[in-house]
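Colleague: Feature list, courtesy of TrEMBL:
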| type | residues | note |
| --- | --- | --- |
| DOMAIN | 14-369 | domain 'tRNA-guanine(15) transglycosylase-like' |
| ACT_SITE | Asp93 | active site, proton acceptor |
| BINDING | Asp93, Ser94, Gly95, Gly96, Phe97, Asp147, Gln190, Gly217 | substrate binding site |
| REGION | 248-254 | region 'RNA binding' |
| ACT_SITE | Asp267 | active site, nucleophile |
| REGION | 272-276 | region 'RNA binding' |
| BINDING | Cys305, Cys307, Cys310, His336 | Zn(2+) binding site |
Amino acid sequence: MAVRYELLKQCKQSGARLGRLHTPHGVIETPIFMPVGTLATVKTMSPEELKEMDAQIILSNTYHLFIRPGHEIVKEAGGLHKFMNWDRPILTDSGGFQVFSLGDLRKITEEGVQFRSHLSGEKLFLSPEKAMEIQNALGADIIMAFDECPPYPAEYEYVKNSTERTYRWLKRCKEAHGRPEDQALFGIVQGGEYRELREESARQLVDLDLPGYAVGGLSVGEPHEMMFEILGYTTPLLPKDKPRYLMGVGSPEALIEGAILGIDMFDCVLPTRIARNGTTMTSEGRLVVRNAKFTRDFGPLDPNCDCYTCRNYSRAYLRHLIKADETFGLRLTTYHNLYFLLNLMHQVRQAIMEDRLLDFRDEFMMKYYGTLNPVQKF
């Protein structure tokens, strides 16, 4: 099997898991946050910088790499690791979420999804078999099954049909997967907001005995309370000896709550996307560095952070760079936000080790959000 999960400890206070995920390109300490490198690059960051901040695994995107440069070119280069000069683990998602985000530009059949390229308008087709062909060519350590991510809200019958199709597609992915010995195929639990559909989906996936399991279709507009409720009854249905991945979630609150609910892996574009607007995450909450009040603020972005940005540059300088649309400003805010979330997960792992994750959560929430029940979500 391409990956092996080792459960080291469960937090006595919360039940959260401390583990190690062994992959062909190294060992990942979990729970972990995975920076997103959609087009084989984490926007504005070099692989060296990602290693400096201790990014243990990054995520790349099947749909976008299929559109450009094309999976054949990446394969010719020796796979994604060589193509982008990254020697640590990589996870690729299946492209399902991106295709379903195209709305009217796509048509779903049992066979797969016909859609138009968001770049050229060219007609393209993605099926479970094609998603496997692309991901086998890219060569990531962990690959995802091709699934349909239903919108929120959606009618019960629609979600039921969609979830059943996702299961049939998963079986086709498993059949078509050409490199099971060095690429771990994860299945994705779907079912929208409907408990019985989620539970049925989880049971079907577990019966297939996969190397790992993801919970998908969350963080698509549903209230946070609903997301945590769904995780609360879905995660216990997944095997304890396999990794669990919550897709597309990256707010500090959700990372901590997700870990408490038994999740091991998270990814999200949030830290990089908001950084490009000058919005940063700090130990005392969200800070929009482009605001005028920082014009003459020569202190560090976050006095409690020892990242490269905070050690070397002031809020005033960052504000100037962001206002002037200087790329260096985006690099510095992106570096800080990624460092912040990776360091948060380090603190979460430490708190699990010390059996105090619930205490840590409350301390963090009060500092970051000023309340234990925040309305603002990042």
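Each Cβ is built from the backbone N, Cα and C atoms, and glycine gets one as well.
Tell me what's around each of these sites.
Modeller: Mean pLDDT of the predicted structure over the domain 'tRNA-guanine(15) transglycosylase-like' (14-369): 97.
A 10 Å cutoff on Cβ-Cβ distances gives Asp93 (active site, proton acceptor) a total of 31 other Cβ atoms nearby, all chains included. According to DSSP, Asp93 (active site, proton acceptor) sits within a strand segment.
Other C-beta atoms found within 10 angstroms of the C-beta of Gly96 (substrate binding site) number 25, with every protein chain shown included.
Remote same-chain residues near the region 'RNA binding' (248-254) are listed as 33, 97, 216, 218-220, 224, 227, 266-271, 281, 341, 344, 364-365, 368-369, 374, 377-378 (criterion: CB distance under 8 Å, separation of at least six residues from the stretch ends).
Within 10 Å of the C-beta atom of Asp267 (active site, nucleophile) sit 22 other C-beta atoms, taking all shown protein chains into account.
Residues 35-36, 42-44, 330, 333-334, 336-338, 378 of the same chain, all 6+ positions outside the region 'RNA binding' (272-276), place their C-beta atoms under 8 angstroms from a C-beta of that stretch.
Around the Cβ of Cys307 (Zn(2+) binding site), 21 further Cβ atoms fall within 10 Å across all displayed protein chains.
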Colleague: Report, in whole Å, the straight Cα-to-Cα distance of His336 (Zn(2+) binding site) from Ser94 (substrate binding site).
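Modeller: Given the Cα positions, Ser94 (substrate binding site) is 29 Å from His336 (Zn(2+) binding site).
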Colleague: Considering only the binding-site residues Cys307, Cys310, His336, which residue has the minimal Cα-Cα separation from Gly95 (substrate binding site)?
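Modeller: Nearest in space to Gly95 (substrate binding site), counting only the binding-site residues, is His336.
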Colleague: Using C-alpha atoms, which one of the recorded positions Asp267, Cys307, His336 comes nearest to Asp147 (substrate binding site)?
Modeller: Asp267
Colleague: Would you mind checking how many other C-beta atoms are within 10 angstroms of the C-beta on Gly95 (substrate binding site)?
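Modeller: Step by step: centre on the Cβ of Gly95 (substrate binding site), count other Cβ atoms within 10 Å, giving 25.
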Colleague: If you count other Cβ atoms within 10 Å of each one's Cβ, which of the binding-site residues Cys305, Cys310 has the most?
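Modeller: Result for the most crowded candidate: Cys310.
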Colleague: How big is the gap, in Å, between the Cα of His336 (Zn(2+) binding site) and that of Asp267 (active site, nucleophile), rounded to a whole number?
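Modeller: Cα-Cα, rounded: 17 Å.
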